[in-house]
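Asker: Structure incoming, see below.
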Amino acid sequence: MTRTVLLRALTKNKFVASNAPRSISISITSLSRCISTLILAEHESGTIKPQTVSTVVAANSLGESSSISLLLAGSGSSLQEAASQAASCHPSVSEVLVADSDKFEYSLAEPWAKLVDFVRQQGDYSHILASSSSFGKNILPRVAALLDVSPITDVVKILGSDQFIRPIYAGNALCTVRYTGAGPCMLTIRSTSFPVTPITANSESKKATVSQIDLSNFEDDSVSKSRYVGRSTQDTERPDLGSARVVITGGRALKSVENFKMIEKLAEKLGGAVGATRAAVDAGYVPNDLQVGQTGKIVAPELYMAFGVSGAIQHLAGIKDSKVIVAVNKDADAPIFQVADYGLVGDLFEVIPELLEKLPEKK
């Protein structure tokens, strides 16, 4: 039955060739490949986010003949800058699709979901991927609801075009999932499981085609359902928590907002990002966007330092891909020591000041 459906799908569509110039607005056409992947790209201030490139790496595992298209949406010059960067962000990207409209100025889920469905209808994609970030988790389920398919979330390994591995039970077990749906296979990718190999800067040798999507027939009746109110950000020179090479995390043992500033000072000296456990966030020491763990940010830095962190399974699930884990805790039986590469049983109120004294200022 599956083979019959596949053969019908392959013979139903015809190859479409186009000699349209690369710079003009064109309609999207299907190349009718067996595996054709659409990736929802995240960008900010004219720059493609690292988790999008990791998603491209994951898409490469779907099959050797897979074609990969990036979908960018937004408005203004920063969108076009991001599109130009996306065209050379990875050799596997064959096309960059750009939706330039005020409707996509903010990453609201409703218009984005309509856009993905609009692009899918014209492109006939077999797979639709997004990073397991707040962006991807917000948009992809809405697209899946529109298409009446079940998305597969938090994929950490791709075994084939229809078989994937994802964590369950707070990361204590791995589940192999096979997709058998009729619609496109939708995945959110845990970016820390698909590291990006540095690419030598041979910029002009491999660059994807950038196409402006023709939105003249795009109808969006969802604009009135939600509206952009505002965005709050923290002014800091520290790197983003999700992509930082060094992460310094504090737990509830720090006892107060004032004491948590020691973690911030240590992070500044090491050029790292600040993280926190759920207990520290719930206690009000830091905002919840700094939470590390299964229900917060999944991190995979070169160095992860945990102070006063006991090691709940939800927290450990969010740091397990870290290269080196250093733990400081008064409790010698704390679960964090079971996963730490280096552990120190001691009082953080003695250890951190000594570290701050001996570490040089970051240049």
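Glycine is treated like the rest: Cβ placed from N, Cα and C.
According to Swiss-Prot, the protein carries these features:
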- 303-331: FAD binding site (BINDING)
- 1-24: transit peptide (TRANSIT)
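Relative to the rest of the structure, where do these features sit?
Answerer: Around the Cβ of ALA327 (FAD binding site), a 10 Å sphere holds 25 further Cβ atoms from the protein chains shown. Following the DSSP three-state reduction, the secondary structure of ALA327 (FAD binding site) is strand.
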Asker: Let me make sure I understand the structure: which of the binding-site residues listed (LEU303, ILE319) has the fewest other Cβ atoms within 10 A of its Cβ?
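Answerer: Each of the binding-site residues LEU303, ILE319 was scored; lowest Cβ tally within 10 Å is LEU303.
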Asker: Through the lens of DSSP with three states only, how would you label LEU303 (FAD binding site)?
Answerer: strand
Asker: Could you tell me which three-state DSSP class HIS315 (FAD binding site) falls into?
Answerer: helix
